[in-house]
Amino acid sequence: MAEAAAASTAASGVIGGWTKHVTCRYFMHGLCKEGDNCRYSHDLTNSKPAAMICKFFQKGNCVFGDRCRFEHCKPAKNEELPAPQMLPLPSASLAGPSDPEPSGPTPVPGAQDWVNAAEFVPGQPYCGRAEQAKVESSVPLIEEFDSYPAPDNKQLRKQLCPYAAVGECRYGINCAYLHGDVCYMCGLQVLHPTDNNQRSEHTKACIEAHEKDMEISFAIQRSKDMMCGVCMEVVFEKANPSERRFGILSNCSHCYCLKCIRKWRSAKQFESKIIKSCPECRITSNFVIPSEYWVEDKDDKQKLIQKYKDGMGSKPCRYFDEGRGTCPFGSNCFYKHAFPDGRLEEAQPQRRQTGSNSRNRNSRRTPLWDIYDERESTDSFDNEDEEMVTFELSEMLLMLLAAGTDDEEVIIRPPSCATSSGRLDPTVTRYRKAC
């Protein structure tokens, strides 16, 4: 048995290794979830217990009470921090002579000071919990945080109090700084009594901010009931906040949300002229302007378009790619065409050249919508090329008749079916191969 115990002790020593000589810090604090299986030592005879003092008990409130695993003891007197030295503000000379301090202990504000707090009256300076009337010396005190000399009282009286400027100063009339006049626009004490320039600048800034807020209010009022013409939902009431944006068409005044109109214009099964037109009135708009609010007035829309173009003009064009690529929109592109050295692309003059059909062709890059419009407006068959097209169609007909089956039906669209607008007549000529 003795040999087995010695073997187990040796095995445990090998398993634990050097950690068995280190006291478990969790066990020292009274909590180790490993128990007997812990790799560290649970022997407190050779270890100094940790002095873990409960900081909540020192503050007077520990919810664990006797069950707290930290030590409940008050700090020694030599460990208490010295009280900060109190110095009067530079406005002490304005407060008059002070009475001698009482010999008894000075009452420290406790948790019941809120009972005697000053009543808050709208439009009046809020004094907070400062008991100015009970201060024996009638002088506000501040803690000495640094050794820099205090500024002159005359200099302080020329500066506006930063606390009164936001609506609250605990020192009231005893403040060393100057309390400005109340601005009738913002209701804050930010107007300097003697500086007319500061008063005029602040009043101007307040009026501009007020006008901007009113414009936003009118825009919200104008936009809150607008319904998208595609999804038939109120834009401001969409479930996803990111979808509460309008897609303003440049040449149309119909209302659409940005998601729906972009989806409409990204369709691939229709021609460009169709997808670029309004779904309701069919007026073509070359671009869509994202907007947080609905804009219908002509002047406001022009301002929005110009703001949109200015914003796009500050972003580099990914097609131009600093001169390495080619942008299909050319000089009409909204994005910035700049080279790596910062130079902007110069607008290239349009060069005209005459083709075989006596039509002017533009050799310069043309915007995509102009390309589509030119393609739609161009006749599919020209008069001078009609004989050549007829000959080619005849050859195609002969090839189909030679390679087709007995029951095969061949549909041919001859040049005579072309209308004056360049589109083919829906009626076609049908040929059936004879047996």
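Sequential numbering from 1, following the chain as shown.
Cβ coordinates are placed from backbone N, Cα and C, and glycine is handled just like the others.
Listed features, source Swiss-Prot:
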COMPBIAS  99-108  compositional bias 'Pro residues'
REGION    81-109  region 'Disordered'
REGION    183-210  region 'Makorin-type Cys-His'
REGION    345-369  region 'Disordered'
ZN_FING   18-45  zinc finger
ZN_FING   48-75  zinc finger
ZN_FING   155-182  zinc finger
ZN_FING   228-282  zinc finger
ZN_FING   311-340  zinc finger
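Within the region 'Makorin-type Cys-His' (183-210), the DSSP-based counts of helix, strand and coil residues read 15 helix, 3 strand, 10 coil. Secondary structure of the zinc finger (48-75) per DSSP, as helix, strand and coil residue counts: 7 helix, 2 strand, 19 coil.
According to DSSP, the zinc finger (311-340) comprises 9 helix, 3 strand, 18 coil. With DSSP states grouped into helix (H, G, I), strand (E, B) and coil, the zinc finger (18-45) comes out at 11 helix, 2 strand, 15 coil. DSSP states for the zinc finger (155-182), grouped as helix (H, G, I), strand (E, B) and coil, give 9 helix, 5 strand, 14 coil.
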